[in-house]
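Features reported for this protein in TrEMBL:
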type	residues	note
ACT_SITE	Asp67	active site, proton acceptor
ACT_SITE	Asp136	active site, for ring-opening step
ACT_SITE	His138	active site, proton acceptor
ACT_SITE	Glu143	active site, for ring-opening step
DOMAIN	10-225	domain 'Glucosamine/galactosamine-6-phosphate isomerase'
SITE	Ser146	site 'Part of the allosteric site'
SITE	Arg153	site 'Part of the allosteric site'
SITE	Lys155	site 'Part of the allosteric site'
SITE	Thr156	site 'Part of the allosteric site'
Amino acid sequence: MEVVIVADAKAGGELVAEAMARLLRRKPDALLGVATGSTPLPVYEALAAKVRAGAVDTSRARVAQLDEYVGLPADHPESYRSVLRREVLEPLGIPVDAFLGPDGTAEDVQAACERYDRELAEAGGVDLQLLGIGTDGHIGFNEPCSSLASRTRIKTLTEQTRVDNARFFDGDIGQVPHHVITQGIGTILEARHLVLLATGEGKAEAVAATVEGPVAAVCPASALQLHPHATVVVDETAASELKLADYFRHTYANKPEWQGL
Ligand SMILES: N[C@@H]1[C@@H](O)[C@H](O)[C@@H](COP(=O)(O)O)O[C@@H]1O
């Protein structure tokens with residue numbers, strides 16, 4: 001696992017956007033796995049700026065969704081499908097038919113989950129999966145004690161995650177669904193490159209458990225330690241609990257330029 005400590009959220013966004021741009025230059029029809037939440041927004045903004053400047057072409061790029069609320073109609077403004085359309089597809093000029101996502105309104109949710117895993121595999125797999133992290137160490141919506149081998153399935157949110165996400169629902173926790181579909185941890189680990197971005201002091205404990213703690217289902221993000229190409233990009237505040245921070249700084253400062261992220 002590579003850990004990159006950046007000054008702030010903007011620098012993290014720029015670094016990850018550049019990794020995506022490099023991928024798209026090498027593989028124009030790359031399948032980008034995208035995450036929701038506040039953390040990835042600087043990435044999407046930086047990538048959109050590169051598209052506008054003609055520095056990268058996203059016209060053949062494909063996008064895959066990480067997770068979704070169960071029961072919110074697809075056109076609900078806070079369904080992750082709507083959020084990603086607004087925050088990723090439109091600013092990057094990626095057509096809706098290049099978007100893969102699970103159906104959060106399916107009558108048979110389990111069948112919808114299995115179908116989504118099949119669709120991801122048939123699309124050739126995710127090339128780069130961008131991940132945020134919950135304050136409890138969740139990735140996607142894989143809450144603590146999710147199986148590290150799990151596939152896409154329905155999950156129940158913890159009260160903490162519903163509280164954290166209430167800000168997207170007018171601060172009203174009553175509007176936050178209890179159930180979600182999420183790519184499983186086993187599914188996420190199949191992406192070729194995992195990039196976890198974490199910013200802000202609120203993530204410091206979860207980041208330390210992810211990077212320096214044991215691989216344990218109680219911290220789902222610690223599964224990144226099992227992946228051959230995982231990059232954790234953190235700002236100074238999210239890195240504040242890392243015991244090996246100086247080592248990570250030294251390693252990145254001395255990294256050969258050609259290696260990229
Ligand atoms: N399902 C999403 C996660 O994919 C995201 O990583 C997390 C953190 O969000 P934020 O970046 O807003 O802290 O929120 C939600 O729970």
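Every residue gets a Cβ built from N, Cα and C, even glycine.
Given the structure is predicted, the values throughout are model-derived calculations rather than measurements.
The two recorded residues, Thr156 (site 'Part of the allosteric site') and Glu143 (active site, for ring-opening step), show a Cα separation of 8 Å. Ranking the active-site residues Asp67, Asp136, Glu143 by how many other Cβ atoms lie within 10 angstroms of each Cβ puts Asp136 at the bottom. Checked against ligand 1, the recorded positions Asp67, Asp136, Thr156 give Asp67 as the ones with a Cβ under 6 Å from it, listed in sequence order. Considering other CB atoms within 10 Å as the measure, the emptiest surroundings among the recorded sites Ser146, Thr156 are those of Thr156. Candidate recorded positions: Asp136, His138, Ser146, Arg153. Nearest to Asp67 (active site, proton acceptor) by Cα distance: Arg153. Note: the CA-CA distance between Lys155 (site 'Part of the allosteric site') and Glu143 (active site, for ring-opening step) rounds to 8 Å. Here the Cα atom of Ser146 (site 'Part of the allosteric site') is found 9 Å from that of His138 (active site, proton acceptor).
Distance between Cα atoms for Asp136 (active site, for ring-opening step) and Glu143 (active site, for ring-opening step): 8 Å, as a whole number.
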